[in-house]
Amino acid sequence: MISFERLKITPPRLIWAGCLVTLLYAAFSLGTYHPDEHFQILEYAHMKLFGTPTPEHLPWEYLLQMRPGIQPFVAWAVGKGLLAAGLYSPFAVVFVLQLLSGALSVAVLLFFYRTVRDELEDEKTRCWFLLLGFFLWFLAYLHVHFNAEMISGNLLLLLAALTMRCHKAAGRREFGWGVLLGMTAGLTFAVRFQMGFALLGYGIWLLVFLRRWKLYAGMVPGVLAMLALGLLADRWLYGEWTLTPVNYLCENILNENMLKFGTSPWWYYFTEPFTEGGYVYGPLALVAAVWFFWRRPRSVVTWMLVPFLLVHFFMGHKELRFFFPALFFAPWFIVLMFRELPRRWFEARAWRYVLGALVAVNAGIMGYCLVQPRPEIYFYKMMQEYCRGKKEVVALGLVPTGVGYGFIEDILEPGRIVETRFYMPGNLRPLYFDTQAELEAAVPALQAPDRQLMVLSHCWWLDTELSLPLKKVPWRPYPDWLVRWFNFNDWTRFGGRYMGVYEVEPAGVAAPDAV
């Protein structure tokens, strides 16, 4: 076992180290786990700031008014502040949002820790809780990412901690506690509608185990205040009054639009944690959660999470990220489970080797997530540098081979282009063509002395297909030190295949106003 005393590891030191790691992740863990994190927040905020992308080039959910407006409003406010300070860049916006996310995660984790600290009994158990809370690799990653799963997971953890404290308050200031609990529950629902299943279980628990009428009376205005806040944010986002939770229910559940993204069998959530969770860490969290539900059937956390998780088992479209809000309870579940296991298990030499291997692998995954952004982030940074100093850059895209700044969506109508304007340089203009002949025919009229033409395509061998004079722009989504020291058999060349970038070399210049 790890000797915390010999290593001089204490809860305060772990908290400081955890805050530092969270700060590093906020600064360097770039990219998104899922495209929704980008398109449902950052693109909406960019539209409200600059007028682009226009609604016809936003995801289908915007046209059907089914996404909450609170997160885009926060991103818009951050962008507005950076513009006023003269510090705006898309990467600065993401850094500030991740800094705010990290601050929320740290604050809620510490609040929950102080709520259950007495239950953790000794300092060694408390150290393990903080180690897992700050340094379990998927939590370190999730803590800083500004998305609905992160915010709602933190708010649900906060709601559980507040409820535990309210339960111990023994009837003091019940109305005030009710307002606080109601505001937290209402905001949890307002940022992610699927949390309504967890809140339904929470409401039943209150009626069964915490019959305090003054508390209920206080919760009503608290919930209504947060729902009104969500309604105002939606009015700001869509420009008209709308009920986004109702729209979400109708389009995704009743009209089954979510099934167009694929369906999975009921056992998906038992197998997927092995592959995405690192084969050990994900299943460990799953086993610990099941153990907690079995041992503590009357806990408010059990009544929150069991209906929330069960409902997702019966939905046809499944994604592991739908379970992310429950992961914020994982450190508590794991510590409580291991505390009840026989002590002799942890005294064996084999356990030390297993624990050492788990710590090393966890550290390796944390380091990789910290220093290796997703390929599109390197692409966006490369394009920012490429476009700097040029008067105008026109990016030509061949729709069948994938567009450079966006993707093709077929939910509402086939071939609809959803644009990625948030990271697009201000002097870059995208043009899209359905056929190779149309693209090639448009080039002569587009060429001008102060205009650089490019072709962007996910088809990285496109230069062999087009008859245009193309010059490939080399780039790769890996840092120089990794390419220099670890590029065995030139494996890094495959990363550049995320996007083929080509300059159209001049071959006769047309008038600038020919477009």
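Placement of Cβ uses the backbone N, Cα and C atoms for every residue, glycine included.
The transmembrane segment annotation in TrEMBL covers 91-113 (among others).
Among the features that TrEMBL reports, transmembrane segment is placed at 125-144 (among others).
Residues annotated as transmembrane segment in TrEMBL: 179-207 (among others).
The feature transmembrane segment is assigned by TrEMBL to 213-233 (among others).
The transmembrane segment annotation in TrEMBL covers 278-294 (among others).
Long-range Cβ contacts of the transmembrane segment (300-315) within its own chain (Cβ-Cβ under 8 Å, at least 6 residues beyond either end) map to 156, 159-160, 163-164, 167, 194-195, 197-202, 204-205, 209, 258, 266, 269, 289, 292-293, 322-323, 325-326, 329. TrEMBL lists 300-315 (among others) with the feature transmembrane segment.
Feature annotation from TrEMBL assigns transmembrane segment to 322-338 (among others).
Sequence-remote contacts of a segment are chain residues at least 6 beyond its ends whose Cβ falls under 8 Å from one of its Cβ atoms, and for the transmembrane segment (350-371) they are 1-2, 21, 24-25, 28-29, 135-137, 140-141, 278, 280-281, 479. Marked as transmembrane segment by TrEMBL: 350-371 (among others).
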Top Cβ-contact partner of the transmembrane segment (213-233) among 91-113, 125-144, 179-207, 278-294, 322-338 (pairs under 8 Å): 179-207
Outside the transmembrane segment (179-207), six or more residues from its ends: residues with CB under 8 Å to it: 68, 70-71, 148-149, 151-152, 155-156, 158-159, 162-163, 166, 215-216, 218-227, 229-230, 233, 244-245, 248-249, 300, 303-308, 311-312, 322, 325
Sequence-remote partners of the transmembrane segment (125-144) [C-beta within less than 8 Å, at least six residues beyond its ends]: 4, 9-11, 14-15, 17-18, 21-22, 25-26, 29, 33, 98-99, 101-102, 105-106, 109, 113, 116-117, 150, 153, 277-278, 281-282, 324, 327-328, 330-332, 334-335, 338-339, 362, 365-366, 369
